[in-house]
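See below for the structure under consideration.
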């Protein structure tokens, strides 16, 4: 570290080279500053009346936006630029006597910012990655590093520093090879890539690159510890060796001594309780101490702060992030960027036109290297380009590396200005370039046909996405899967998706869990989420693992966790459905049944997620309103091994399907028909037929409600009439096949009832009420029907459709659950020869297959 750059924060010892020791008065002032900030933050959170999530939605910005905003501000506030505009304007704004104070506070902000970065890290993922992913990630790190070093040598006359050439070369290569995972992660949900193969690969490689970047930085810091006192073309190996040894010992002390002590200190705090101010203040002081120790051993104070952050236990880490992040990133770090601005020389930089080629090489190095390495691993060019552009995202870390190199004399003002432009260009190009690549990437995920249940062969694997908000949704989802008739002859692949709202500065990500080890997939940068969602995810993973074991391996189940903003979560669900070639997405309703039997809002923020999924889903969608769907004690496959079930020893699950007409109802009946193959399920199908006094549906819905006549009445009526007749023909064809194949099945009952309007339909449906366990209906918003006329006017939940909205009222269905089905809007052509029955003309069920 350059002595003069941090003189207010540290004093200088010349007996062993350039060594810094703390000034007691400055230490006390810095400690008091951060403690005061923590106290104020705590008081504000206690007294504020606005909910935290509401505040976050209004004030949260991405890491990319933060970096670009602060970097451009630093360039505008550059004293040399201001002086070129108006005399000595820059010197008036930033006088020499004030810069030392500014740099002191800025270094304090950097110290705690690196501590926060360490708090975000959880190093359990990298060791469990596949060999291919690890090899690809390390190759994408090493090759740009080598090219970065080469580019420094090529432009050495313009960018050389005043000290050791070897260290300067390594600094430049480190900056070129670094990938910022916090900057990369926000791009994926925005580009709808979070739940794609490319997105998952980019996340994994970004995590590995991020960790490797830190270790490369620490090694570079050790090399530069005494580089100013030796020849420019050699390295002081003894000093470097001692520094590396002391850094390793410091790591051991933090891991073996400090972490257990802090864990023991906070272990007595009950879950959900706040940690004492004394504990938090002690940790904040420990950050200062570790920074000073790291600097004293010849490294840099950010090393001590970062390592200590990694060693902090998960529970207290989340509390520290919550209390410190706004203060550090919002108040102290802008001062650090202001210090960076004082070191820029924009006029001299733009005078060196040759450096343009150096910047171009530095910006494109990561992308070009990733493309070449991806082609070597037989990946598509478009996938390799997408990975290369995403991994080019820079962030705060390379800027810190460049600033340290500048402080230690390894980068001139011109070179430092060039690095800032490299970081900005590399980061800002990610969004526009990926937008151009996105269409081709998305197209590769659309090459599957089975996007609906209707028309599918029963022997085809049914692929389901089940969306879970919290562990309380798990029993209803598993119960629904249980009666879906999962057998070896009717296979099902289930992808259980735990939806977690992104909070604060936590990165968006998709985590694939191994069924046998719920902790195996938690990795770097998820520590803030660790305590909040790991317990829930472990419960969800365990429940689905038990069910998979119970079903005698007839169901393939994979559990995943998606962390993303609520505003874009529906896009992640749909991207995953496309990537997994799903035919049905099952959503959990945002309301749960209370003790009084009424539905109460429990996850109101997920209502918009459900509505958006139903609007853009690439396959059919089911929305489950859980009211205590009963659980079976054994799966359909295990039941089938018991032989004949004529003397059933359990009460049947009673399912009723209400058929009004249209593609949604045909899709709902297809799913209900599949359920009827389960030995413990009885199905009742109630079809309503329009009577003679039913309303004319040859006019648009708006005119049916208002009684008006459309201006182009004949053309509109003809179009609607043709569509209605086509749907009626498909309905009759489908129901005829259904009746023919189920006529001799005692577990299936079919009835038809005549109705003239929505009110009469509801009245008749009440008469057939038989204490059913599950109602299955089509959403029915794409077809005009007189049987539901007038029901939509009183609808509270339009995502359920007119029938579903009526059925969830407390005075109608009682304790029965409701499943609303919407068929994929791409259209399905009914094929009677491929419907849900076998060659003998009977429904496929596990009894016959036994």
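Just so it is clear, glycine is given a Cβ too, placed from its N, Cα and C backbone atoms.
Check TrEMBL against the ranges 49-74, 75-100, 101-126, 283-308 and you find transmembrane segment recorded for 283-308. TrEMBL lists transmembrane segment for one of the ranges 242-262, 452-472, namely 242-262.
Panel annotation: around the transmembrane segment (357-378), residues 132, 136, 139-140, 143-144, 147-148, 151, 154-155, 158-159, 175-177, 179, 384-385, 387-389, 391-392, 418, 421-422, 425-426, 429 of the same chain, lying at least six beyond its termini, place a Cβ under 8 Å from a Cβ of the stretch. Most Cβ pairs within less than 8 Å of the transmembrane segment (328-350), among stretches 136-155, 201-222, 242-262, 384-402, 414-434, belong to 414-434. When each of the listed stretches 136-155, 170-189, 201-222, 384-402, 414-434 is scored by C-beta pairs under 8 angstroms to the transmembrane segment (242-262), 201-222 comes out highest.
Among the stretches 136-155, 201-222, 384-402, 414-434, the one making the largest number of Cβ pairs under 8 Å with the transmembrane segment (170-189) is 384-402. Counting residues 6+ beyond its ends, the transmembrane segment (414-434) has Cβ neighbours under 8 Å at 64, 67-68, 71-72, 74-75, 158-161, 175-176, 183-184, 187, 190-191, 193, 340, 343-346, 348-349, 352, 355, 358-359, 362-363, 366, 386, 389-390, 392-395, 398-399, 402-403, 405-406 in the same chain.
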